[in-house]
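Asker: Here it is, the structure in full.
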Amino acid sequence: MVDDSITVREMERKLLENKGYKVDIAVDGMEGWNAVRVGHYDLVISDIDMPRMNGIKLVHNIKSSPQLKSIPVIIVSYKDREEDRLQGLEVGADYYLTKSSFHDDTLINAVIDLIGKNDD
């Protein structure tokens, strides 16, 4: 999970961990990019507005990499304009969720759709 807001990170982390998913945290796009290049991840969840590298660039980098492009990506952002959503999807995000309409089930359902339930 890549987000510069500690509040959002903790909320999303707890939500996912309560459903049995293992969650790693990155505090900006550059840290997220470095982590995804050296780790093994089933899914990336990213904000857009972050220091050092924004979420659009992060998604673009992931989807442009032959080794990483198969990793599904969910963008969760405060930006709810249609052009922001389209930009996120155009660079390769599988889902674009807005924080303003955010409900726990929305994120969990997107995660389940992309990588399935965690049955551990």
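Cβ coordinates are placed from backbone N, Cα and C, and glycine is handled just like the others.
Any TrEMBL annotation is an automated prediction that lacks curation.
Annotated domain 'Response regulatory' per TrEMBL: 1-114, in sequence order. Marked as 4-aspartylphosphate by TrEMBL: ASP47.
Looking at the shown structure, what environment does each listed feature sit in?
Answerer: Taking DSSP states H, G and I as helix and E and B as strand, the domain 'Response regulatory' (1-114) has 56 helix, 14 strand, 44 coil.
In the structure as shown, the Cβ atom of ASP47 (4-aspartylphosphate) sits within 10 Å of 25 other Cβ atoms.
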Asker: If you average pLDDT over the domain 'Response regulatory' (1-114), what do you get?
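Answerer: 92, rounded to a whole number.
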